[in-house]
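Contents: one structure, followed by commentary.
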Amino acid sequence: MHSSALLCCLVFLAGVAASRDASTLSDSSCIHLPTSLPHMLRELRAAFGKVKTFFQMKDQLHSLLLTQSLLDDFKGYLGCQALSEMIQFYLEEVMPQAENHGPDIKEHVNSLGEKLKTLRLRLRRCHRFLPCENKSKAVEKVKRVFSELQERGVYKAMSEFDIFINYIETYMTTKMQK
């Protein structure tokens with residue numbers, strides 16, 4: 001009986017130590033996020049550069065999908081939710097449709113999506129950058145207009161991906177200053 005109690009204590013202490021080590025690992029990756037963010041944004045911009053001309057040439061609409069109200073949400077108290085929803089929107093709605101424009105485009109859009117997933121994963125690990133619950137009306141509007149535009153919505157959303165990267169940068173800069 002005495003040895004089983006000792007074994008339980010050892011298992012508990014090992015779990016506490018492992019949890020503390022994982023927390024420290026997560027904290028240390030969060031410490032490096034502000035310095036690695038410019039590199040991640042450069043990678044996103046470079047990956048987008050490979051499809052930018054294609055989608056901007058196909059975008060025949062003269063209005064913006066990613067409006068000032070979305071940027072205002074990124075800068076305001078809904079910044080976290082707006083960023084999270086927009087990443088999800090691009091990954092689940094825009095990019096799967098954008099991949100349907102030939103094998104070269106698919107390869108580059110897929111690469112862009114992987115870089116966006118990596119950014120999302122790093123932000124989620126650092127809860128101070130993505131700790132959100134509320135919905136953004138600006139994102140809902142982007143999604144509604146995107147749906148209304150049908151195929152043209154893909155061209156519009158992809159042609160404005162650089163604006164989205166700028167909004168990510170604005171959000172992250174605001175968060176790092178706090």
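Note: Cβ is positioned from N, Cα and C throughout, glycine not excepted.
These come from Swiss-Prot:
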- CYS30-CYS126: disulfide bond (DISULFID)
- CYS80-CYS132: disulfide bond (DISULFID)
- ASN134: N-linked glycosylation site (CARBOHYD)
- 1-18: signal peptide (SIGNAL)
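On the structure: features taken from Swiss-Prot.
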{"residue": "CYS30", "record": "disulfide bond", "Cβ within 10 Å": "16"}
{"residue": "CYS80", "record": "disulfide bond", "Cβ within 10 Å": "22"}
{"residue": "CYS126", "record": "disulfide bond", "Cβ within 10 Å": "18"}
*Rounded to a whole number, how many Å is the Cα of CYS126 (disulfide bond) away from the Cα of CYS80 (disulfide bond)?*
12
*Is CYS126 (disulfide bond) helix, strand or coil when read with DSSP?*
coil
*Distance between CYS80 (disulfide bond) and CYS30 (disulfide bond) at the Cα atoms, whole Å?*
16
*Translate the DSSP assignment of CYS80 (disulfide bond) into the three-state scheme.*
helix
_Coarse DSSP state, helix versus strand versus coil, of CYS30 (disulfide bond)_ = helix
